[in-house]
């Protein structure tokens with residue numbers, strides 16, 4: 001059963017243009033072509049990158065964050081409470097109004113004290129600035145390494161300057177050692193991101209990131225097996241160009257270096273919009289959609305390759321809207337207030353402001369303190385009985 005399925009998957013009609021078979025793509029002593037089995041090397045390399053990242057974050061990134069003056073936010077810890085902790089871990093992190101009242105009765109507390117406990121507890125689970133700094137530092141290091149590697153590999157290749165060269169003698173284009181190394185570097189990195197996905201910071205565009213990683217891995221793997229390596233190298237270097245500015249922007253945003261952060265943000269926005277909305281559609285999508293048909297009739301690989309490229313382009317459009325919105329807010333306020341690509345998801349500011357408004361409504365007044373002050377100005381949270389302020393509020397109601 002396994003053998004027929006394998007044979008069906010690797011039928012040359014799916015992967016290669018009409019008239020070309022796997023026999024035509026066999027390696028010789030003089031010429032080497034991409035082989036599907038080569039991709040297996042990316043798995044141990046991905047694990048190696050995970051190990052390197054582990055030591056990099058602890059040996060390099062953490063001391064660097066302290067050296068550059070990274071300051072962690074002071075967060076109050078939620079006092080131990082078995083009832084509230086059980087609800088938090090099993091039923092939800094944000095109880096509704098009716099659930100708040102029920103939990104308050106069980107714990108002999110006021111509803112606002114329970115609400116405040118959940119807010120403190122959610123804050124404990126949020127990633128620290130040091131963790132964000134370490135993750136951004138690792139990605140920044142890789143993207144710069146990858147982008148410089150891509151330029152070093154491609155600067156003297158004819159298809160880097162003339163995209164029609166991508167189809168000269170396709171698919172019988174020899175695999176160069178430098179191109180193979182570049183492919184393995186990129187594929188291993190994205191595989192390592194999949195391995196560390198459960199441990200990385202989850203942002204609001206988490207679903208889009210999963211789609212992006214899957215589409216990228218499929219695109220790199222398929223382009224290698226079908227010998228679309230010239231197109232694949234263009235896709236990789238175009239993506240790395242803007243990512244080189246994204247991660248440093250995050251780093252300096254965590255450090256509160258506003259002027260440097262603003263300059264990098266504007267640079268990143270310009271590079272991202274130009275490379276993803278101009279160069280990528282023209283240099284890659286138009287190239288694969290039209291120029292390849294000058295040599296061969298469309299086949300399954302042609303449609304599959306273009307489908308993956310279109311998925312990436314849709315993600316580019318989605319992120320471009322977010323970036324344009326941030327640029328608009330930047331022009332109005334004069335500074336970048338949030339992390340890029342929803343890096344400040346579920347921020348403490350949002351929770352604190354919402355809690356402050358709710359408490360103001362309960363108390364019959366709206367306070368005008370800046371965001372974040374509601375935590376520091378709240379009375380101590382007492383879970384072994386009602387606080388004096390809470391009793392006073394109860395009498396007022």
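The backbone N, Cα and C atoms fix where each Cβ goes, and this holds for glycine too.
Check TrEMBL against the ranges 21-38, 39-56, 57-74 and you find transmembrane segment recorded for 39-56. Sequence-distant contacts of the transmembrane segment (39-56) (same chain, at least 6 residues past either end, Cβ-Cβ under 8 Å): 137-138, 141, 184, 187-189, 191-192, 195-196, 221, 224-225. Broken down with DSSP, the DNA-binding region (86-129) shows 32 helix, 0 strand, 12 coil.
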